[in-house]
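Trainee: One structure, as C-alpha cells, below. Some questions next.
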Amino acid sequence: MVNLLDFDVDGLVAWFAERGEKPFRARQVMRWMHREGCDDFERMTDVAKSLRAKLALDACIRAPEPLRDSLSADGTRKWLLDVGNGNAVETVFIPETGRGTLCVSSQAGCALDCAFCSTGKQGFNRNLTAGEIIGQLWLANRLLGAAREASPDLEAGEKDNGRIISNVVMMGMGEPLANFDNVVTALRLMLDDHAYGLSRRRVTVSTSGIVPAMDRLRDECPVALAVSLHASNDALRDRLVPINQKYPLAELMAACRRYLERAPRDFVTFEYVMLDGVNDQDVHARELLALVRDVPCKFNLIPFNPFPNSGFRRSPAERIRRFAGILIDAGIVTTTRKTRGDDVDAACGQLAGQVQDKTRRTVRIVKPMEARP
Ligand code: SAH
Ligand code: SF4
C-alpha cells in the first residue's frame with residue numbers, strides 16, 4: 001500500500017504518470033489531501049469515479065496515530081504520535097496572538113547527543129518518513145479544525161481563513177538535516193500552494209549545525225534558518241553540542257553566511273540555551289559578539305528546561321536579562337523564549353516521546369481521538 005502523504009507534488013505527478021494518469025489529477029488529489037484534510041478517496045467528488053476506485057485499491061492517506069493529546073494551562077497542545085515498533089514522537093501546537101506555530105519532529109530520537117537535550121539522551125531510533133513528517137501538520141490541522149468548528153465563540157475571521165497553523169518550526173524531536181530527503185519533501189509540501197501554501201519565511205529549520213546539509217538546504221529548499229549555537233567557543237561547544245567536533249564554529253559561521261545568500265530572511269536565528277554557570281556569563285556574551293560579527297543574526301535565548309538527571313540547571317532570570325542586555329547593547333535583536341507548555345513536558349528539549357505514563361502533573365486528556373466526519 002503506497003501512502004500518498006509520502007509524496008510532494010512532483011512525486012505524486014510522477015506516480016500518477018506511471019499509472020497513465022494526468023498531472024492535474026495528481027494536483028486535485030493533492031488538494032483534497034492537504035487542503036481539505038481528506039483521507040477518503042470516495043469523498044474526492046471531482047475526481048473521476050474510476051480513478052477513485054483504483055486509488056482505493058493500492059494507495060492510502062495515513063498519518064501517525066495519536067496516542068495522547070495533552071493541553072497545557074497556557075493553551076499549548078501536545079500530541080504523542082505512534083510511529084510503530086514502540087516508537088513515538090511528539091508534535092506541539094503553540095497558539096499566540098496573530099499566529100499559530102506547529103513544532104514538528106523529524107526523527108524518533110536523535111543521534112547527536114547534545115548534553116542538555118532529553119531527545120538526545122534517548123538515543124536514535126530512526127528517521128521519520130516524509131509522510132510521518134507532513135502527517136504531523138496534516139493531523140494537527142484536522143484536529144485543530146475540528147476543535148474550531150466545535151467552538152462557536154471564535155471570531156468569524158479566525159474560523160474561515162482555515163489557517164490556524166501559520167508557522168511551522170522543525171524544532172521537535174530529531175535533527176532535521178540528518179534526515180535531509182524526507183524533511184525536504186515535507187518542506188516542499190508545506191510551501192506548495194496545492195498543499196499548505198505557507199510562506200518560506202514562516203517555515204523554519206533548526207539545526208545543530210551539520211554544515212554540508214546546510215549548503216544543500218540553501219540550494220534545494222531555502223527556508224528560514226535557526227542554528228542551535230549554545231556556546232561561544234569551540235571548547236565549550238565540543239562538550240555541549242558534540243557535532244561541533246566535526247563542524248567547528250568557524251565553519252559553522254561560514255555556512256551561515258553562505259546560507260544567507262539565498263535565504264528568505266536576511267538573518268539567521270541563533271538559539272542559545274541558558275545553562276546556569278555553564279555558558280551564561282558576561283564573558284560568554286562578549287565572546288559571542290566577536291563570533292557573530294560577520295553574520296547578520298538574531299538571538300533567541302532559551303531558558304533551560306530541566307528533565308530528570310540532566311545535570312544542568314536553568315540560569316536565573318536576572319542572569320538571562322544581563323546576558324541579553326550585552327547582546328542588545330551591541331545592536332543584536334535578542335529575545336528570550338517564553339517557556340510554553342512545560343506543565344505537559346512540551347517545552348523545548350523536553351520531548352522524549354515517552355509512551356509509558358509518568359506521574360503526570362496537570363495533564364488532562366482533551367478528548368478521545370476521533371476522525372472528523
Ligand atoms: N535538532 C535540532 C532541532 C530540535 S531541538 C536542533 O538541535 O536545533 C530545538 C531547540 O531546543 C534546539 O535549539 C535545542 O538545542 C533546544 N533544546 C534542546 N534541549 C533543550 C532543553 N532541555 N532546554 C531548552 N532547550 C533545549
Ligand atoms: Fe538532537 Fe537537537 Fe537534541 Fe541536539 S538538541 S540531541 S541535535 S534534537
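Placement of Cβ uses the backbone N, Cα and C atoms for every residue, glycine included.
Residues or ranges marked as active site, proton acceptor by TrEMBL: GLU90. What TrEMBL lists as domain 'Radical SAM core' is 96-343. What TrEMBL lists as [4Fe-4S] cluster binding site is CYS110, CYS114, CYS117. Per TrEMBL, the feature S-adenosyl-L-methionine binding site maps to GLY174, GLU175, SER206, SER228, LEU229, HIS230, ASN305. Annotated active site, S-methylcysteine intermediate per TrEMBL: CYS348, in sequence order.
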Trainee: Taking only the recorded positions GLU90, CYS117, GLU175, SER206, ASN305, which have a CB closer than 6 angstroms to any atom that belongs to ligand 1?
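Mentor: The recorded positions passing the 6 Å Cβ test are CYS117, GLU175, SER206, ASN305.
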Trainee: On the 0 to 100 pLDDT scale, where does the domain 'Radical SAM core' (96-343) sit on average?
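Mentor: Overall, the domain 'Radical SAM core' (96-343) comes to a mean pLDDT of 93.
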Trainee: What are the sequence-distant neighbours of LEU229 (S-adenosyl-L-methionine binding site), meaning same chain, six or more residues apart, C-beta distance under 8 angstroms?
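Mentor: Same-chain residues close to LEU229 (S-adenosyl-L-methionine binding site) (Cβ under 8 Å, separated by 6 or more) are ARG237, LEU252, PHE270, GLU271, TYR272, LEU288.
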Trainee: Between ASN305 (S-adenosyl-L-methionine binding site) and CYS117 ([4Fe-4S] cluster binding site), what is the CA-CA distance rounded to a whole number of Å?
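Mentor: Here the two Cα atoms lie 9 Å apart.
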Trainee: On the Cα atoms of GLY174, GLU175, SER206, SER228, LEU229, HIS230, ASN305, which are listed as binding S-adenosyl-L-methionine, what is the maximum pairwise distance in Å?
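Mentor: Overall maximum Cα spacing for these binding residues reaches 18 Å.
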Trainee: Whole-number answer please: how many Å between the C-alpha atoms of GLU175 (S-adenosyl-L-methionine binding site) and CYS110 ([4Fe-4S] cluster binding site)?
Mentor: 6
Trainee: Roughly how many Å separate the Cα of the residue listed as 'active site, proton acceptor' from that of SER228 (S-adenosyl-L-methionine binding site), to the nearest whole number?
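Mentor: Given the Cα positions, the residue listed as 'active site, proton acceptor' is 20 Å from SER228 (S-adenosyl-L-methionine binding site).
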Trainee: Of CYS110, CYS114, CYS117, GLU175, SER206, the binding-site residues listed, which put a C-beta under 6 Å from ligand 2? Please answer none if none do.
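Mentor: Close enough to ligand 2 are CYS110, CYS114, CYS117, GLU175.
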Trainee: Could you check the binding-site residues SER228, ASN305 and say which one's CB has the most other CB atoms within 10 Å?
Mentor: SER228
Trainee: What are the sequence-distant neighbours of CYS114 ([4Fe-4S] cluster binding site), meaning same chain, six or more residues apart, C-beta distance under 8 angstroms?
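Mentor: The answer is GLY120, SER208, SER228, HIS230, LEU240, VAL241, PRO242.
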Trainee: Using DSSP and three states only, what is the residue listed as 'active site, proton acceptor'?
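Mentor: For the residue listed as 'active site, proton acceptor' - judged by DSSP and reduced to three states - the answer is strand.
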